[in-house]
Amino acid sequence: MDKGLRFTFCVITTMLLLRESSQTGEKNDPKMLAASKSEGGLPTLTVTTILEDPYVMVRSAELEGYCIDLLKALAAMLHFSYKVKVVGDGQYGAVSSSGNWTGMIGEILRQEADIAVAPLTVTSAREEVVSFTTPFLQTGIGILLRKDTASQEMSFFHFLAPFSKETWTGLLFAYVLTSFCLFLVARLSPCEWTEPKSEENHFTFLNSLWFGAGALALQGVTPRPKALSVRVIAAVWWLFTIALLAAYIANFTALLSSGSEQLPIQTFEDLVKQRKLEFGTLDGSSTFYFFKNSKNPIHQMIYEYMDKRRDHVLVKTYQEAVQRVMESNYAFIGESISQDLAAARHCNLIRAPEVIGARGFGIATTQASLWTKKLSIAVLKLRESGDLDYLRNKWWETSCLHKSRERWSPLQPQALGGLFLTLAIGLALGVIAAVVELSNKSRHAAGHAKKSCCSVFTEEMCTRLRIKENTRQSQETSGRANA
């Protein structure tokens with residue numbers, strides 16, 4: 001009996017010692033201290049997310065990225081702790097064939113997670129089953145292409161690309177008008193053409209055209225202007241050509257350095273019309289359902305194309321989509337903000353200019369959750385303080401950003417409007433100066449011949465413009481008869 005009591009006493013003593021040792025070890029473990037503090041002092045939220053660069057990534061057995069930094073900022077602001085779990089099926093959230101929700105939306109509905117912090121697009125279908133906070137990122141739907149598959153060969157007249165068609169038309173009109181003004185003013189000015197009856201006028205119309213072309217080539221050509229009126233027009237035309245050539249050279253240099261010509265696929269309509277590239281999107285994503293529900297004929301054609309070839313053109317993950325664009329003739333339709341990052345990380349990728357379906361990424365919570373409004377207010381505060389912009393710059397900044405294709409466009413006439421206006425004013429001043437010079441000569445000649453200034457001016461004008469005298473007299477006779 002004594003042995004039994006002793007054995008029982010020893011067992012009880014040993015268990016008590018082991019329990020005390022275990023509790024002492026827990027108190028000395030910093031991880032356990034943090035867990036007990038968070039469980040005892042702060043509410044703990046289970047957060048579901050999805051692996052997508054740069055939102056959530058695995059680095060050194062830990063999660064990091066834009067969404068992780070956003071989650072840390074929200075936790076510090078609202079005083080809660082969290083446990084992050086990656087969504088089990090790797091989906092964002094869509095209704096399956098059985099009628100149940102998949103992905104992160106499904107986990108929230110099944111109460112496997114409290115909130116979802118990920119690049120989760122706010123849609124009406126998702127809003128019916130869960131609640132979303134104010135969007136923390138704005139985006140849209142774009143087209144991701146590979147540069148060599150999207151580019152086209154340079155045209156034979158590629159040197160005309162720096163200026164638009166309207167600009168070239170305006171330049172041609174300005175050249176012809178200036179040449180005509182040179183020809184006209186050189187004939188009217190007595191300082192340029194002193195003796196019209198015996199002396200030959202060097203500024204013929206062909207010579208005027210050649211003079212204007214020489215100025216465009218920055219070459220001095222004959223004849224050289226002598227009258228002030230002709231020199232005014234010549235000086236204004238030289239100023240016009242110098243500024244025009246500077247604009248052409250600058251824009252042509254920008255065209256060559258931008259990577260070449262414009263993309264043949266600028267819009268979704270261009271994507272539908274071409275036959276070189278296949279195109280698709282993420283299977284079950286909000287982008288796919290956007291095209292499914294859209295009433296736009298172009299969008300309906302895109303949906304029908306993807307739906308008929310869903311096993312071939314739809315991809316499972318964003319990483320798979322980027323890899324497929326890089327390795328095959330494939331165009332990926334998806335979130336424009338993610339495509340901008342892909343184009344920055346991979347210098348051979350580019351996003352087409354058109355973006356449709358403006359939308360935002362929001363934090364999903366259960367319906368009637370008290371955290372929805374708190375998180376929305378916190379997101380607004382982070383935006384107002386500039387923290388969201390800081391996170392955007394932090395995770396989207398790469399070494400390839402400065403190498404991306406510049407947005408280039410031909411120079412429009414509006415950009416050279418002041419230059420064309422200056423030329424027009426100069427031509428008007430030249431014509432006025434020529435008329436003034438001819439009037440001065442006519443006034444002096446009228447004083448010596450004792451004739452009216454108007455008659456002498458008219459005779460001088462007719463002589464210089466080669467108007468037949470008999471034609472003028474017949475016109476005057478008919479005018480008197482009518483009077």
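Positions of Cβ are set from backbone N, Cα and C atoms, glycine also.
According to TrEMBL, the L-glutamate binding site annotation covers PRO119, THR121, ARG126, SER286, THR287, GLU335. According to TrEMBL, the site 'Crucial to convey clamshell closure to channel opening' annotation covers ILE265. As annotated by TrEMBL, site 'Interaction with the cone snail toxin Con-ikot-ikot' applies to LYS292, LYS381. Residues or ranges marked as disulfide bond in TrEMBL: CYS347-CYS400.
Taking CA atoms as the reference points, PRO119 (L-glutamate binding site) and LYS381 (site 'Interaction with the cone snail toxin Con-ikot-ikot') are 19 Å apart.
Within 10 Å of the C-beta of THR121 (L-glutamate binding site) we count 24 further C-beta atoms, all protein chains included. The shortest Cα-Cα distance from SER286 (L-glutamate binding site) to any of the recorded positions (ILE265, LYS292, CYS347) is found for LYS292. The Cβ of ARG126 (L-glutamate binding site) lies under 8 Å from the Cβ of GLY93, ILE105, LEU120, PHE132, SER286, ALA364, each of these being in the same chain and 6 or more residues away along the sequence.
The 10 Å shell around the Cβ of CYS347 (disulfide bond) contains 16 further Cβ atoms across the protein chains shown. For ILE265 (site 'Crucial to convey clamshell closure to channel opening'), the nearest neighbour among the recorded positions LYS292, GLU335, LYS381, judged by Cα separation, is GLU335.
Neighbour counts of Cβ atoms within 10 Å were compared across the recorded positions PRO119, ILE265, LYS381; the minimum falls on LYS381.
If you take the Cα of GLU335 (L-glutamate binding site) and the Cα of LYS292 (site 'Interaction with the cone snail toxin Con-ikot-ikot'), they are about 16 angstrom apart, rounded to a whole number.
A straight line from the CA of CYS347 (disulfide bond) to the CA of LYS292 (site 'Interaction with the cone snail toxin Con-ikot-ikot') spans 32 Å. Rounded to a whole number, the distance between the Cα atoms of LYS292 (site 'Interaction with the cone snail toxin Con-ikot-ikot') and THR121 (L-glutamate binding site) is 16 Å. Here the C-alpha separation of THR287 (L-glutamate binding site) and LYS381 (site 'Interaction with the cone snail toxin Con-ikot-ikot') works out to 29 Å. Residues near LYS292 (site 'Interaction with the cone snail toxin Con-ikot-ikot') in space but far in sequence (CB under 8 A, at least 6 apart, same chain), listed by position: TYR303, ASP307. Other than the site residues PRO119, THR121, ARG126, SER286, THR287, GLU335, same-chain residues with C-beta atoms no more than 8 angstroms from the centre of those residues' C-beta atoms, the L-glutamate site, are TYR92, LEU120, VAL122, THR123, THR139, SER285, ARG359, PHE361.
Those residues noted as binding L-glutamate (PRO119, THR121, ARG126, SER286, THR287, GLU335) have their most widely separated CA atoms at a distance of 17 Å.
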